[in-house]
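**Q** First the structure, which I've put down as structure tokens, then a few questions once you've had a look.
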């Protein structure tokens, strides 16, 4: 088969799922505390960690060839550039 | 390079699973840009209307949002487990896990239905008289809420149809432990739907 690296088993997936549930409860709990401007930042940070878990393990990117990681990096950067350009236009108009 | 050469020698089947998955990822990037554009609109309008966004978000049901987050995360797990099962040559378990995913997806949509119909009953839907009387920022919030969670819900429905077809193909041995890239790619689609929700949830339900 073309799968060069070994795939994770049931246990790994269940552990990742538990971690995702823990992060969900953290983000819900934190939302209840007033942290002012940091609330959004923390929420997005936790969402990013959850995404990394889903992409790497559930979507097998950790076990895929390097080119997949390059693709994801490039599409992420494209999105980031679009956000930065829009906000620089919007803020300094 | 070395690897693909060996594959052609071993079995004379013309097929490229890595290429198939790469194609799926390229499609997923177009989906990311589709939703990315909406997240961009959300970001700018939220920045402009911070107080109104907070007020409008208070009316969303955090409990139902959290429940749907847990449901969707679990459905992602069962898809991943279904792939692991077919890799372990366990056809029966693979189908059981896919059925669980379909059931969870249905639960998600039922919750969505109750959530939206409650909002509709309170007169909050795009273009409604009660919504149009609210400040501009709140109209924008609910417009984005309906479009973004609506498009996401549409993706859940499409994902359910795809996973149902995949389940039938496993049953009929069209998808087998040696040839399951279709299941993998459908799984990727389902995980993307989960990923988008991971961002939608705090942005709409958890603004304080």
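Keep in mind that glycine also has a Cβ here, set from the backbone N, Cα and C atoms.
Where the annotation comes from TrEMBL, it is an automatic prediction and has not been curated.
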**Q** Of B:4-24, B:25-45, which span is tagged transmembrane segment by TrEMBL?
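**A** From TrEMBL, the annotated transmembrane segment range turns out to be B:25-45.
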**Q** With pairs closer than 6 in sequence left out, are the transmembrane segment (B:25-45) and the transmembrane segment (B:65-85) joined by 3 or more CB pairs under 8 Å?
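**A** No, the stretches stay apart by this measure.
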**Q** Does the transmembrane segment (B:25-45) come close to the transmembrane segment (B:92-110), meaning at least 3 CB pairs under 8 Å for residues 6 or more apart?
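**A** Contact between the transmembrane segment (B:25-45) and the transmembrane segment (B:92-110): absent, because fewer than 3 Cβ pairs are under 8 Å.
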**Q** When the pLDDT values for the domain 'Heme-copper oxidase subunit III family profile' (B:1-208) are averaged, what is the result?
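**A** Across the residues of the domain 'Heme-copper oxidase subunit III family profile' (B:1-208) the model's pLDDT averages 93 on the 0 to 100 scale.
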